[in-house]
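Engineer: Please read through the structure below; I'll follow up with questions.
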Amino acid sequence: MTDTNDYIKYIAGLAKLSLDDEEMQSLAEDMQDIIGLMDTIKDLDTESIGATEHISRVTNNMREDRAGNPFDTEKILSNSKHAMENCFSIPKMIE
Amino acid sequence: MEITRLTIKEARTLLDSKKISAVELTDIYMNRIKTLDGKVDSYLSVCEETALLQAAEAQKKIDGGNGGMLCGIPLSIKDNICIEGTKTTCASKMLEDFIPPYTATAVNKLHSQNAVILGKVNLDEFAMGGSTENSAFKKTKNPFDLTRVPGGSSGGSAASVSASLALGSLGSDTGGSVRQPSAFCGVVGMKPTYGLVSRYGLVAFASSLDQIGPIGKTVEDCAILLDGICGQDPRDGTSLNYKPEVPYAASVAGGIKNYSIGLPREYITEGLNSEVRAALYKSIETLEKLGAKVEEFSMPSLKHAVPAYYLMSSAEASSNLSRYDGVKYGYRAENSRSYNEMIGRSRAEGFGREVKRRILLGTYALASGYYDAYYKKALKLRTLISQGFDEAFAKYDVVLHPTTPETAFKLGQNTDDPLSMYLADIYTVSANIAGLPSISLPCGYDSNGLPIGLSFTGKPLGEREIFRAAAAFEADFAPGFRVPVLTGG
């Protein structure tokens, strides 16, 4: 269980979820059961089967590269409480 | 006019013959929402002002003789489908204040046909769940029994149609999210072929599986709604360059004499509730009486559909939901000391528990050392399942199956048991995995009076066949069709 907990902690880090210890523990318990279900396909022999990433029946369905109307900057910025001078502000990146 | 049994088709006749105006019809629904939605809790936001303006505009079209099938028809929209200027929350704290700067293509199409949008309806957060209990804001109730769930994730859509708080609705279906709540709430819901309806403006969950789909009281209503929203969209590279020669609504009739229908043996499992099983076999008798030939067939890959679906959908979700970092929109944790802390805390505080589970599972499946064993294996199963359906459709016009293993369960019953919830998706996920059209409609009621759903799944772009099969069954079942009894005030 501790190994699994550590691994889930590592996965949460990759997924950028800062979980506290209590939530981490409880989610790790859920994940044990869920991964158990996923394990049921692990040993199936699918060696000769190709992978289908996307079921779409179209490929390279590109629209024409034509200039359109851009979104209004103000409208885009209005969904952030942290906009200033036409930019989004964030905490300092260089630590 | 009996509002609880009114269909889009009948409303069209009433509007066109001036027996009712579009504003009067919208008013009726607004009043029902005001008096009854406190019990059902299907709406997250109601757009009364714009709805009445849209209705007035629709009336002008009707008066001018230019009204189409959806002109003046009051609809609800799942709250993960964007409407410019109207809050779109995905039932998540993450998007609690999000106001989209653009409108989804499907809704734009409704706008251009002068449909009336009554409001945005509840869902499981980011469409992840099967009970609508994962909403961050409210728990929607099943109109047939207010102590039970409406299903999910489009629970608000299905409940609003079932309780006649809208004439129809748009939901989204990634693994059954239109069909399962439709089955639980005793209405008709369909998932179109992947690519038939544009996903532009549908908040992404699992992009290779997501489709917007209609919910209505009848098969014909679903066909009318699908006619209104389908078609290629340059803004969605996966949308198909296909428009049916004859509108779907015009092809629901015709019967199913000599139809060949297959029932996958792998779906008749121990987990199938005895009353649902009995309703399925009674439905088969009806279909045979109507001239169809029904036989069982085997498709072993279906046994692995649930884990394959959860691996694929969660992997895609973990990638799609990485955009919620608190920078440009969405929830941002206060007082973060660094950029990384801000992202980690915003996501931990903004997402609910089920969304976190899916992100963790998806990240796990894609992680180095696990990719081949989980994600790639799931993609290979996708090939097997698609091939299995190809073989089935070489023999059968449509595939028949139950929509859910059980009827609607009690609120809170499965909240702490995600695994049971996942396993209950057994009959719906394979249509998404293979990109096929599928429709669920009521076929009976259990001893508690709860609706039971029956599904027809078709070949790619086989909407016509599933509509026809469902409509034939529905015509026979219609005298027994029930609507929930809700008293307001």
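Easy rule for this one: first residue shown is 1, then count along the chain.
Note that Cβ sites are derived from N, Cα and C of the backbone, with glycine treated the same way.
The domain 'Amidase' annotation in TrEMBL covers B:24-466. TrEMBL lists B:K78, B:S153 with the feature active site, charge relay system. Under the heading active site, acyl-ester intermediate, TrEMBL lists B:S177.
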Engineer: Could you round the CA separation between B:S153 (active site, charge relay system) and B:K78 (active site, charge relay system) to a whole angstrom and send it over?
Structural biologist: 9
Engineer: Looking only at the domain 'Amidase' (B:24-466), what is the mean pLDDT?
Structural biologist: 97
Engineer: List every residue in the same chain as B:K78 (active site, charge relay system), at least 6 positions away in sequence, whose Cβ is under 8 Å from its Cβ.
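Structural biologist: For B:K78 (active site, charge relay system), the qualifying residues are B:K120, B:V121, B:L123, B:A127, B:S154, B:G156, B:S157, B:S169, B:L170, B:G171, B:S172.
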Engineer: Which number gives the other C-beta atoms within 10 angstroms of the C-beta of B:S153 (active site, charge relay system), all protein chains shown included?
Structural biologist: 35
Engineer: Return the residues near B:S177 (active site, acyl-ester intermediate), defined as same-chain residues 6+ apart in sequence whose C-beta is under 8 angstroms from its C-beta, sorted by sequence, else 'none'.
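Structural biologist: Spatial neighbours, sequence-distant, of B:S177 (active site, acyl-ester intermediate): B:L123, B:D124, B:A127, B:G130, B:G152, B:S153, B:S154, B:G171.
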Engineer: DSSP three-state call for B:K78 (active site, charge relay system): helix, strand or coil?
Structural biologist: strand
